Structure formats: structure tokens, C-alpha cells
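All remarks here apply to the structure that follows.
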């Protein structure tokens with residue numbers, strides 16, 4: 001599924017003294033099968049933007065094209081419903097939305113509402129839960145007897161199992177332990193690569209953004225100010241400070257080495273493997 005924003009503006013409480021423009025003439029194209037990250041400081045418009053992807057919010061002005069359907073301010077909810085099946089949105093702390101007394105019923109809830117094949121969804125969910133380290137009797141267990149990290153994984157799986165074309169993730173690893181963070185992020189990447197899914201990640205963790213995203217959308221004050229690759233973004237030193245975007249740890253290490261040795265690497269590395277190769281090449285050149 002391709003999603004295209006055409007001059008989209010969104011205003012909260014329009015026509016009242018509390019009117020606030022959260023999105024300002026957004027033009028954006030999301031291509032099928034790519035991994036995007038949306039970054040920017042709190043209040044930049046990220047959460048408002050992602051709620052437009054599946055029609056939870058409708059543009060005040062402009063429109064959004066989802067393949068055959070165009071959403072604008074007057075589009076009725078009954079026409080948006082199919083979009084919500086194709087675009088899965090995982091909110092921050094999705095475990096707070098769990099309410100069924102066992103995991104099987106929790107997994108069934110979404111597909112029943114959309115008239116989907118419940119057994120197929122449950123089978124996909126079971127496979128995903130096993131991949132994330134749950135026991136084989138997981139479906140009969142209560143989510144409320146599990147740790148916060150396990151509940152997060154269950155909530156995420158309940159969305160992934162419905163097999164959306166586009167998966168929108170709002171800070172999906174916030175509060176998780178390092179092992180769970182890696183498990184969840186690797187699962188998203190695997191789904192993108194193996195199933196040609198579109199991933200849209202909102203995150204303040206630039207280590208995750210640098211490692212997984214192919215394209216980064218930078219937001220500030222309701223505007224998109226950059227849409228670039230990770231390497232293009234993280235070589236912009238002073239602008240990153242202006243936008244309140246931290247460097248990934250591996251890039252910060254490179255900067256520290258450059259300052260210490262008075263050198264300048266030809267490029268930047270976004271992974272430990274890339275950095276080791278680049279550093280060894282520099283050492284060899286020095287010898």
C-alpha cells in the first residue's frame with residue numbers, strides 16, 4: 001500500500017479560543033515495503049501525523065491517498081474502516097489496552113470486529129508469540145499475570161497477527177529491558193524484509209533509528225523539515241542540536257575519536273560492524 005499526503009493540515013479545536021495547528025501543509029509519500037522513522041522533539045506533530053495513517057484523524061485541509069481511497073475532512077468513517085484493517089497502529093504502552101482474561105480471547109477481538117478469519121489470525125499470533133519466547137500454552141494464559149514486557153509483546157502481536165500492509169509503531173520499546181527491545185525490533189525488521197511490509201517507527205531512540213530505518217522523516221513545529229537517509233541525517237552536526245536530535249552512540253564514538261586524534265573519517269558508520277571496518281582501515285592507513 002502506498003500512502004500519499006497532499007498538502008495536509010490538521011487543526012485541533014478549530015474555531016475555538018484553543019485552536020491549535022498541529023500539522024502544517026504536510027506533503028509526504030510512503031512507499032510500500034520501506035522502513036521509515038519519524039523523529040522530532042515532543043510537540044513536533046509526530047503523534048498527530050501517525051493518527052492520519054489509518055484514519056483515526058482526518059485532515060482539516062488537504063487529503064490523503066491510500067491506493068484506491070482518498071481521505072479528506074468529509075470522508076465518512078464507514079469508508080475508512082477498510083484502511084484500519086490494512087494499517088496497524090501500535091500506540092505507546094499498548095499493554096494498557098489489554099482487557100480480555102486470556103490471550104486467546106485478546107487475539108480474537110480485533111479480527112472478529114473486522115470480519116476476518118479468526119483461526120488464521122490466531123495461528124499467526126501463536127507463531128509470533130513462540131518466536132518471542134512464550135511457552136506453547138501461551139493462548140490459555142492471562143496477560144495480567146505476566147510482566148509488563150510480556151504484556152507489551154502480546155499487545156504488539158495482536159496487531160501484527162492481523163497481517164496489516166503498513167505497521168505504525170509509536171515508541172514500541174519504551175520501558176522494555178534491553179533483551180526485549182532487541183527481540184521486538186528484530187521482529188519488525190524481519191517482517192518488513194520477509195513480507196514486504198511497510199514499517200513506520202516513531203522513536204526518540206536514535207540507536208534504533210540508525211540501525212533499522214531506511215529513511216528518516218524529521219518533524220518540527222508541525223512541519224516536515226527533512227526526509228533523508230540515516231547517514232545523511234546524522235552527518236548534520238549543528239542542525240541536529242537545533243532540532244534536539246541526539247547522535248546514535250556509535251556516531252558519537254566516531255566524533256569523539258575524530259576530536260581526540262584530530263582526524264575526519266570519510267563517512268559515518270551506523271553499526272558496530274561498519275565502525276570496526278572503518279576504524280581498522282584508518283589504523284592501517286596510519287601505519
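For all residues, glycine too, the Cβ spot is worked out from N, Cα and C.
The domain 'ABC transporter' annotation in Swiss-Prot covers 3-246 and rests on sequence analysis. What Swiss-Prot records for 40, 41, 42, 43, 44, 45, 46, 47 is ATP binding site, and it gives sequence analysis as the kind of evidence.
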Fewest other C-beta atoms within 10 angstroms, as judged across 41, 42, 44, 47, which are the binding-site residues: 42
Cβ-based isolation winner (fewest other Cβ atoms within 10 Å) among the binding-site residues 43, 45, 46: 43
Cβ-centroid neighbours of ATP site 40, 41, 42, 43, 44, 45, 46, 47, 8 Å, sequence order: 219, 220
For residue 40 (ATP binding site): intrachain residues, at least 6 apart, with Cβ closer than 8 Å: 46, 218, 219, 220, 243, 244, 245
